[in-house]
Each structure stands twice: as structure tokens, then as C-alpha cells.
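Student: Structure provided below as C-alpha cells; questions to follow.
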Ligand SMILES: C[S@@+](CC[C@H](N)C(=O)[O-])C[C@H]1O[C@@H](n2cnc3c(N)ncnc32)[C@H](O)[C@@H]1O
């Protein structure tokens, strides 16, 4: 790999000769560690041939690279393939977030840190995961639906759209778009696109994002700031700017020496955490934790913000046209494990279950933001029939006893995930069936006797018709 000369020169100035040489040598190495984080809410499993990622309770390095696309459990949300350094966000949450909180992950796609945060946040917390790019926000929603936690809202907005949501979040993660120097050995495009102009564009954009989002963080709230780049402008200099200009205190994390994390390289006294690939197993990461100045206050929920469309039968006027609002069918509510904990409503033709604690906030967000997913989509009206939604199959809120189950073989599971025809044993009852693989729900099918109508979401199906000769699974 040809590292840009100016990058090397600037890195040498920042780190000194010895550290810069060691880093550049590590960046030339081709084998990058492969790591996964398990979703123990779905699958209590420790992969074989692995070692633990020291800073993450559910993170493991794997010996080889499994064929993730052909592993049904990957599609069922049993684990997430995540670069190990990124899992360090867990420490910021474990050390500073101990009470139920409302958290915003602002730059969240594809969802590595969001799924991690969702697993680590204290019970009773809500995660709002946002991504500005439309196509990337769809991937974010997919990954969070598969992760299966009902206390999640996914939005697709620019940071500026959040500005008016003052004092809403207790915790914010800004994993900002950056010049990506930390991804040099994983992604050759990051090398070819590097330029000093881009570094300048990045740190300025990062400050704009932080300025836009700052009012949403409650006084006393926590900001976790991270990048995957090495230069000081996007890292220490921006942290100093947040502390001085926006008003925050930089907080320390307890980290054992054997994790080989590097601290502040600019001679400033405040604590920051740098992951350098010649010192530990992972890619480049920078992280700092800040607490916004001011006394903690409760978020204001105004009268208008709690206004919401009551589910009711009948017609209402919208743009001169009559729009039918559907009632929540009692059958669909029975698909929930604890239906009394949810506020159910019908939006369009989809019946949605929102954890009661968050339904007022959902309405407030809905007034300002483009919401892609919230809570659990229970079912969709198809003709006269309420068809269970894939989001329900993936969710921890599903009452499994509400549907007959059918365990699939590996070949049947792959066929299902390709949205091909699946045939079940004659003993499986007709109607909606929860299709399982190794005891974990994969999705719904409608058994019509001689075959099953495959209800797997078309846009998520495995597109490759090829099946590798040797399949290595996370086992
Ligand atoms: C480093 S990536 C996020 C990775 C993600 N946190 C994860 O762990 O999977 C940064 C994200 O910021 C988004 N982004 C790009 N420009 C942005 C902007 N102006 N404001 C906010 N987000 C932006 C990118 O699309 C990208 O998804």
C-alpha cells in the first residue's frame, strides 16, 4: 500500500518517528482481525476458535472469516460482524450510563455501534438511531430490526433537523463522518481519497454537526465523540473545541494498561482514547467522552407533542380526501408477549406496537423527523387478513406461542432467506407459521398445505444463487 506522503509526514509530526513508523508498518499488513459481537438476547453462544475482545463482554475475535452471508443465524440477528476497536464504545456506556436513558446515535449506519449500544444500555432505555443518507438508513433499520430490541426508533434526518428537539437526550453518540485514516488497511478507497483538503472539510463538517445537535443534549448529558481517523484536527482539536465552545467537561475512562490504548497525542491534559493497530488487535479508532455543562433537567414534553392520532374506526378528512383509520385488531395485540406494556396503533396499513413509556416521545419525534422504524411492526393488512410482520418475528416482544413453529434444515433456511419455495412436513398446521433455525426465529411463512408462501422481506433476501463449497459458520 502506498500511504500518502503528506499523511506520513503529518502523522510523524503528531506521534514522533518511532510510533509513526510502527503504525505505518501495521497499516501495510494485509490480514486484519475478524471479530463479531454476539446478541445474547437471542442466542446464548460463545463461538469456538475465538478469543475475547478485552473491552467488550460479547465481542470475540475469530480464527478465520466465516461465510456470514450463508449463515442463517447472521440473518436472524444472532451476532453482528464488527471491527473490534469500535466495540470500545461499550466502556463509555458501562462506566457512565447506569440509569435508564434516552440515547441518540446520530451517525449510525450501518448500525455496528447502535446494536452495541442497544445491548449495553440499562433496561428501560430508548435508543434513537439516525442516519442522514437515505440508502444507508435502510441498512441501519434492517440491522436494528434484526437485532430485535423493541425500544428503538430509526430515523433518516440531517443533524440540523434535530436542533429544535431541545433537551431531549441524556446520551448522544456522534461517530462522525471522517477522513477514515483508521480504515486504510481495510479499505483501499480510504487511501486513494485521502487529501489534506478532505481532512479540513471533515473537521469543519464535524463541528457543524456538533453545533447542530448540541441543543438536543440535556444539560449534564453525556456526549461520546468518535472517529476512525488519526489526525489531531478531527480528534483532540475538535474535543478541545467542544469543551471550550459548546461547554463541556472531558471525562476519563478506566482502562487497564494491557489493553494498550494510547492517550492524548497533542500535549493537552484531557483524556482521550486512541486505538493504534500496531499496539492492539483492531483498526484505528479515536474516542472521547464529554459531559455537557449544566444541571440535569427533565425533558419538556409540550401539550402539542403528546397529541396523537387515536386509533379509531371511521373516516377523516385529509387534503379533501377521505382517509380510513383502522382500529387495532385484538388478534394482532395477542402476538405480543406483554401486550399491556405497549401502545398499539395503526399507521396506514401497518399495526405498530410502541413501548408505552416512549409513545409520547415518538409523537414528538414524528412531528420533526422521518421515522423509518419504531418499536415493533406487528402486522400488515393484506386484503382482509392481518399478516404478521417480519419485525415481529425478529423481536424480543414476540409471543412465540401465538404461532405454530417449524424448524428448518440448513438447506431449507437458505432457500427461505433467498425467498425461494419451502415445503414443510405434513404435520405442520396450515396458516401463519414461525420458521425457525436452530431454535431462533428466521421469519414467517404462510403454510397453504403443499407449500409455504415465503414472507421474508424481498429487499433483504440473499441475492447470490451460488453456495460456497465449504461453509464456515460462527459456531
Ligand atoms: C463512521 S460512519 C458511522 C458508522 C456507524 N456509527 C457504525 O458503527 O456502524 C459515519 C456516518 O455518518 C454519515 N454522514 C455523512 N455525512 C453526514 C453529515 N453531514 N451529517 C451526519 N452524518 C453524516 C455517513 O453516511 C455514515 O453513515
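Just so you know, glycine gets a Cβ as well, placed from its N, Cα and C.
TrEMBL annotations: computationally assigned, not manually curated.
Okay, these came from TrEMBL:
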ACT_SITE  228  active site, nucleophile
BINDING   107, 108, 109, 110, 111, 112, 113, 131, 158, 175  S-adenosyl-L-methionine binding site
DOMAIN    1-293  domain 'SAM-dependent MTase RsmB/NOP-type'
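Give me the structural setting of these features: burial, nearby parts and distances.
Tutor: In the three-state DSSP assignment, the secondary structure recorded for residue 228 (active site, nucleophile) is coil.
Summarising the environment of residue 158 (S-adenosyl-L-methionine binding site), the number of other Cβ atoms within 10 Å of its Cβ, over all protein chains shown, is 13.
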Student: What does DSSP say about residue 158 (S-adenosyl-L-methionine binding site): helix, strand or coil?
Tutor: coil
Student: Provide the three-state secondary structure of residue 109 (S-adenosyl-L-methionine binding site) computed with DSSP.
Tutor: coil
Student: Just to be sure I understand the packing, how many Cβ atoms besides its own are within 10 Å of the Cβ of residue 228 (active site, nucleophile)?
Tutor: 26
Student: Quick one: mean pLDDT on the domain 'SAM-dependent MTase RsmB/NOP-type' (1-293)?
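Tutor: Across the residues of the domain 'SAM-dependent MTase RsmB/NOP-type' (1-293) the model's pLDDT averages 95 on the 0 to 100 scale.
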Student: Please work out the number of neighbouring Cβ atoms within 10 Å of the Cβ of residue 109 (S-adenosyl-L-methionine binding site), leaving out its own Cβ.
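Tutor: Cβ-Cβ neighbours of residue 109 (S-adenosyl-L-methionine binding site) within 10 Å number 24.
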